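Taken from TrEMBL, the feature Mn(2+) binding site applies to Asp14, His202, His204, Asn238. The domain 'Pyruvate carboxyltransferase' annotation in TrEMBL covers 5-267. Here TrEMBL flags 391-514 as region 'Regulatory domain'.
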Amino acid sequence: MERRIKIFDTTLRDGEQTPGVCLDMHEKLEIARSLVKLNVDIIEAGFPIASPGDFKGVSQIAECIKGPVIAGLSRANKKDIDAVVEALKKAERPRVHTFIATSDIHMEYKLKMSRDQVLAVTEESVRYAKQFIEDIEFSAEDASRSDWGFLCQVYAKAIAAGATVINVPDTVGYTTPDEYGALIRHLREHVPGIDKVDISVHCHNDLGLAVANSLAAVQAGATQVECTINGLGERAGNAALEELIMAFYTRRDYYNVTTNIDTKQIYRASTQVSALTGVDVQINKAIVGDNAFAHESGIHQHGVMNNSLTYEIISPEVIGMSRNSIVLGKHSGRHAFEDRLKQLDYNLDSETVNILFAKFKDLADRKKVVFDQDIVALIIDKPSVHPAWYRLVSYQVVSGGSANAATASVRLETSNGITEEASCGDGPVDAVFKAIEQAVGFAVGLKDYQLKAITAGEDALGESTVWIEYNGAVYNGRGLSTDVIEASARAYVNAINKRLTACGYPEVRKAAAE
Ligand SMILES: CC(=O)SCCNC(=O)CCNC(=O)[C@H](O)C(C)(C)COP(=O)(O)OP(=O)(O)OC[C@H]1O[C@@H](n2cnc3c(N)ncnc32)[C@H](O)[C@@H]1OP(=O)(O)O
Ligand SMILES: CC(C)C(=O)C(=O)O
């Protein structure tokens, strides 16, 4: 009989640990809603003790998102556990996820604790959390590099103290499929009470083995898999949700397991997470990369024309990707546009549809064909996601001549009216950024800048992502336009708005004045 594997999504916690990724509360809620559509079993919403923003993100998700279990991460101490319990107060199905490292190297150099101390802290923290919340997940950080005998003792203590899930992380992506499978089997044979709890796996991708290791663990009896959309996460990332799910789906004959995931939501979730985090999906990425269903060579094309199964093991419709990518143009009407939104599974209120339709018409005027990706980009770019402090009204640039010098002027709208500034720069984008910086009146702290085309063709929609840094925190902004300078300016203003929303205007002004 097929076993059902629980899917624990940690895009909003471990995924957010991806360098350069910083999601605000609105973005976290948008992603959480997509995770509900995907039908994941557990959403790890964040690490509440980490920052007030993280706390707020977890509590908002706990309040607004119904259906999946909502988990919050804590170290193995009372202060962290209290923060999780408080943040999850309004959750329908709360879970405390507490962890402590068990490898000799982590215990000696990081925690400076003996094995006996770690055993005692494991028991205390699980017992403490259990007073408030029934569902407790315990993780032995760096489990794959821990002594197996000691690991069995730690998990036995956690289960005796009330853990409902024990997680076996490959924290540094060190293990191999055979070794990890053997570890899971060893735990199943040697940890008292393990048959009463879920066995979870959490794999990092440092050697590119996160998905392979997770699959081997499932074959060895793991019942829950932790993963992220697009494989985001600390360093090389975590096991990618879309790869795991499609491996289970496509090779059901081999793995003999099922999940509750609605595979048709995969492409949408991947696109959304990529846009909101500013982390591109590599073109040859399995399942969701641009080339995943592209056939370049003649022999392959010939085979696919005769029968797509010759070279396609998954059909793109299964992950919610439309085969017919040319859809709408400037002569399309509102009915066709609304119909397309529904096909893409966006059920938006009529006011949002009105705004999007106007943007679509504007885009269609500048672009011959509007692809599904363009429409999704417009939806993700919708203004309600971030309260705007500044709005780009217009800009002008003169560039060329010696040493790429350029001058730019910008007009920004604020609640106090219009502000206008001009500046020189090292090229048009630099000049526009400097003019915007002058208009807002404080040092913005540009950290990184990226520009890409959403679809192919000379009239493609350009997408710019800008990362700025303030007080150690990084904020990313995104801008869309068929004009790449305008896209860049919009992204810059968007990042500034996010930074102001996170830390408030007066504080920024004060810091700039000091
Ligand atoms: C493998 C993982 O992905 S684990 C999750 C990693 N994620 C993050 O760290 C992101 C969020 N982290 C943070 O914001 C901060 O690190 C905080 C708020 C958690 C802690 O900040 P600080 O108090 O400034 O401590 P700092 O991060 O410098 O050091 C970690 C401390 O926690 C201790 N610690 C680490 N893991 C654990 C644990 N599981 N249980 C108990 N204590 C722990 C360390 O020994 C160190 O203690 P010390 O201050 O007594 O030396
Ligand atoms: C907290 C644990 C699960 C973790 O993220 C890791 O070990 O990688």
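The backbone N, Cα and C atoms fix where each Cβ goes, and this holds for glycine too.
TrEMBL labels come from automatic prediction, so no person has curated them.
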Problem set entry | DSSP three-state assignment (helix, strand or coil) for His202 (Mn(2+) binding site) | strand
Seminar exercise, completed: Listed in sequence order, the binding-site residues from Asp14, His202, Asn238 whose CB sits under 6 Å from ligand 2 are Asp14, His202
For this session: By Cβ count within 10 Å, point out the most packed of the binding-site residues listed: His202, His204.
Result: His202
Seminar exercise, completed: Using a 10 Å radius on the Cβ of Asp14 (Mn(2+) binding site), the other Cβ atoms enclosed count 23
Seminar exercise, completed: If you count the other CB atoms within 10 A of the CB of Asn238 (Mn(2+) binding site), including all protein chains displayed, you should get 32
Problem set entry | Output field, Mn(2+) shell: CB within 8 Å of site CB centroid, site Asp14, His202, His204, Asn238 dropped | Thr10, Pro169, Thr171, Cys203, Asn205, Ala210, Glu226, Cys227, Thr228, Gly233, Glu234, Gly237, Ala239
